[in-house]
């Protein structure tokens, strides 16, 4: 016979089953990532001395934390720790009653461990930032350009597409290799951002010579400094390196979309390759007002679509083939782009996804995002002050944390086909709303319906644009052995171009429709009622999501799937002793009172009940 106390012990063991509780969020890397981001926001652009002081200070904190954690572990090893299993007290009548102990949300010593990791990460990142600032300050261009009246000639390569600044002036990024000053030539590896006229006709990757001066230093290490070019640049060489491939891809896509309207072709160029300079100005403004500007910024969304396509095509192949195929598609896509902060973020997330797939241990979303934040800020600390970085991180974090709970809530009154995209869009919009209010000073009222109407179609434009590049390359092969395939390829290219053009025109139409609606953007600074109301809605939404997260962490059995236990169970919380005559347990569950192992129910050979403490 089994005493009621033993039955309650079994109930407690069943409540710890992983199948009936939500997996807690793994925030071990999130704390160092957020702390590092905040530290770079505060002290990342203060100069070399401040960066060195921060690095040394947090290194000292890391040493103190390591010593304290070591002493704590030694004290626990001498008998200070409690056993993992619950102790059992034998009563006067021979009954076994588990003793109660205080529940701990986090293990002992986890605070010291988190402090150690956080301090170590901040010390390393600020140490590398100090070293980078020191190397930049010793560059010949930084030394010569320190004088405000110094003028010199540089030989540089254009590494970004020129973007309009104001009037006929353009903003472009250069990588200088040589510096000529007073007849002497010096080597340099400086990266400059130059403003001036005459850059609109300069191809990406070309080599130019221009006379300029350093207008100011950039302490964020993204550039060595900023310069203004009063003269038109002189092109002295064609594009070289990977920019030859980038220009070829753009040319192929222009040829494939030549039969479409100019605005539709520009939309395909912007959504496939991130080339927003080819986009119609009206479409640019409409997408910003409608909250769709993120579709034209190459980010993790593009890589997620391509990786899903690669994994779907190789679903029945071995894991190694899947990883190689996904890595090949991702690498090819990244080489098509000129390179930017958003591309770097997408590449890091894609690499983490492939690593998790390759080792057959897919990493958790929060841990992957935190590792990506730390890695990107280590390589490029200047991204901490980037609005694009902030919006990308906040949107991704909101989707992976609050998205599942919003989806479950929406599924109560909507089909799952609509609940999931609605939850993804709603969680991202709610999280990014405060940042958008600060950045633009306006609230995009129709961003949620606009994103819902364009969510699935945007993937068609991304994949279709890249497919057009491949088809245009095949159609451009010389005649000969491939002459038989030339006509079908051209027909397929035309059909794909019209289909992709229809999808791009749909997105453009949705953006223009919502942008033209009354009250599409609300200036929350001029309308305090609307601003405060919007912030209140966002705060209440986050409070609701937080309550759902807290409720999901509670211990409970939940609804048992049928048939999990033999017989009808009206209430899963009913003690198991009431299912049989008093004092008796089902035969398949009786061993659980003696040994904490997996027990197989009679008649259900493929299911098991985990009864560990």
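Yeah, the Cβs are placed from backbone N, Cα and C, and that goes for glycine too.
The shown structure was predicted, so the numbers you read here are calculated from the model rather than taken from an experiment.
What TrEMBL lists as compositional bias 'Low complexity' is 88-98.
What TrEMBL lists as domain 'ComEC/Rec2-related protein' is 280-545.
What TrEMBL records for 75-100 is region 'Disordered'.
Tertiary proximity for the transmembrane segment (50-72) is limited to same-chain residues at least six positions away from its ends with a CB under 8 Å from its CB atoms, namely 39, 43-44, 108-109, 112-113, 115-116, 119-120, 122-124, 126-127, 129-130, 133. Annotation source TrEMBL lists transmembrane segment at 50-72 (among others).
Feature annotation from TrEMBL assigns transmembrane segment to 110-131 (among others).
The transmembrane segment feature in TrEMBL is assigned to 292-313 (among others). Cβ atoms under 8 Å from those of the transmembrane segment (292-313) belong to residues 270-271, 273-274, 276, 279, 284, 322, 325-326, 328-330, 333, 337, 340, 342-343, 345-347, 349-350, 353-354, 357, 388, 391-392, 395-396, 447, 450-451, 454, 458-459, 462-463, 466, 507, 510-511 of the same chain, restricted to positions at least 6 beyond its ends.
What TrEMBL records for 320-337 (among others) is transmembrane segment. Long-range contacts of the transmembrane segment (320-337) within the same chain: residues 242, 245-246, 249, 273-274, 298, 302-303, 306-307, 309-311, 313-314, 343, 347, 350, 354, 357-358, 466, 469, each at least 6 residues beyond the stretch ends and with a Cβ under 8 Å from a Cβ of the stretch.
Per TrEMBL, transmembrane segment is recorded for 343-360 (among others).
Summarising the annotation, TrEMBL assigns transmembrane segment to 365-383 (among others).
According to TrEMBL, the feature transmembrane segment maps to 389-410 (among others).
The transmembrane segment annotation in TrEMBL covers 417-438 (among others).
Among the features that TrEMBL reports, transmembrane segment is placed at 450-475 (among others).
Per TrEMBL, the feature transmembrane segment maps to 496-515 (among others). Residues 256-257, 259-261, 263-265, 267-268, 271, 282-283, 285-287, 289-290, 292, 295, 446, 449-450, 453-454, 457-458, 460-461, 464-465, 467-468, 471 of the same chain lie 6+ residues outside the transmembrane segment (496-515) yet bring a C-beta within less than 8 angstroms of a C-beta in it.
TrEMBL lists 527-546 (among others) with the feature transmembrane segment.
The list of residues near the transmembrane segment (365-383) in space but at least 6 beyond its ends in sequence, with Cβ under 8 angstroms from a Cβ of it, reads 25-30, 32-34, 36-37, 40, 44, 121, 124-125, 128-129, 132, 218, 220-222, 341, 344-345, 348-349, 352-353, 356, 389, 393, 396-397, 400-401.
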